[in-house]
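Data first, discussion second: the structure below is written as structure tokens.
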Amino acid sequence: MATTSYLGTGRYKLLPLSPSSSNLRSCCCRPSPSKPLVPTRPGSRVCNLGSVFERHKSVIFLPQNAASMHRRVITAVARAEPDRIDEGNAKQEVGKGHTLSAKEDSVSELKEKTSQLKTRIVFGLGIGITAGGIVLAGGWVFTVALAAVVFVGAREYFELVRSHGITEGMTPPPRYVSRVCSVICAVMPILTLYLGQIDVSVTFAAFVVAMSLLLQRGIPRFAQLSSAMFGLFYCGYLPCFWVKLRCGLSAPALNTTIGATWPILLGGPAHWTVGLVATLISISSIIAADTFAFLGGKTFGRTPLTSISPKKTWEGTFAGLGGCVATSVILSKIFCWPTSVLSAIAFGFLNFLGSIFGDLTESMIKRDAGVKDSGSLIPGHGGILDRVDSYVFTGALAYSFVKIFLPLYGV
């Protein structure tokens, strides 16, 4: 008499199997025509198993780990392709996310640059209009405004000298010496207007600074003296030539047609002097040089000019030179001074030479100090030295040209 065998696991009911064979013919991974096991839990998988044992009654239990392994294999096979698809979609989504993020960053950067350019233009126009009015006023108005600019510029210079980048290889002057030098630099233009010359004031200032450094506590260093002396020369002595140019050359510009129609309340024709015309041409030429150099460098710049300022190029330099000379010639025709075209060209070339030299000098100071701007006083423009660096040496060159060169050649 054949007996009925049973097969089951811990999760399945025991079901009778037909005695068709004495060996286990199938397993969970191979389908069988025998009656399937009915899972006791809803949602569990159905597994067909067949087993026949003769002459005895037995129950076979499938280990739970084997069943779990079987479910994992089936699940992995079933989900293999969807996972690959999901992975590809995920990579596409990540790529899209990076693209969108890059676009958003570029848009925000463009907006920031546009905002900075607008700020730069607005403050630049405001400074230009204010400076034009001060130059036209002349006298004490021009001198006091210049003294204020000199004081702020001197403070920025000595702060750069005391910065970590420069002081690594030198000993900076004490802070009280820096403040005294800043005040002396601001007083120099006023003394120039009052005395008519600056030799005595510069000599006296140098003596005071040198004595204060030699008598300080501790060991005086030559680096302190040299940096302080250059500060007096750079921030105090050179700007005084603008006072000598604007207020010292008081000869009337007789051929200037604008002076003939100038209102009496504003000084009349006598207000338009050689010093005023020369100052206007010089300042306008410097502005044109900076503008054309910037535009030419952005458009055609390929060859670096010098390692002091990597952004400056030879192409931008030639563009600035052309703009500076052209502005000088055009304004000489408007103001009828100087009367010779060659003199106007020479005057424009000299203005550009002083402009580029002053710009590179200030760039060298900032490079050693390890800073981008000398300060943050003017939004979009940096500090005072960043705006007036092109004018520092130009005043002395322009004054020397008008005072010495033009009278010698009668032009």
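The backbone N, Cα and C atoms fix where each Cβ goes, glycine too.
The region 'Disordered' feature in TrEMBL is assigned to 85-105.
Only residues 6 or more beyond the boundaries of the transmembrane segment (121-154), in the same chain, are considered here, and those with a CB under 8 A from a CB of the stretch are 181-183, 185-190, 192-193, 231, 235-236, 239, 242-243, 246-247, 266, 271, 275-276, 279-280, 283, 287, 377-381, 383-385, 387-388. Look at TrEMBL and you will find 121-154 (among others) tagged as transmembrane segment.
Outside the transmembrane segment (202-219) by six or more residues, the chain places 173-174, 176-177, 180-181, 184, 188, 225, 228-229, 232, 236-237 with a CB less than 8 A from a CB of the stretch. Residues annotated as transmembrane segment in TrEMBL: 202-219 (among others).
What TrEMBL records for 225-242 (among others) is transmembrane segment.
Summarising the annotation, TrEMBL assigns transmembrane segment to 272-295 (among others).
Here TrEMBL flags 341-360 (among others) as transmembrane segment.
Long-range Cβ contacts of the transmembrane segment (272-295) within its own chain (Cβ-Cβ under 8 Å, at least 6 residues beyond either end) map to 128, 131, 135-136, 138, 242, 245-253, 256, 258-259, 262, 312, 316-317, 319-328, 331-332, 335, 337, 347-348, 351-352, 355-356, 390-391, 394-395, 398, 402.
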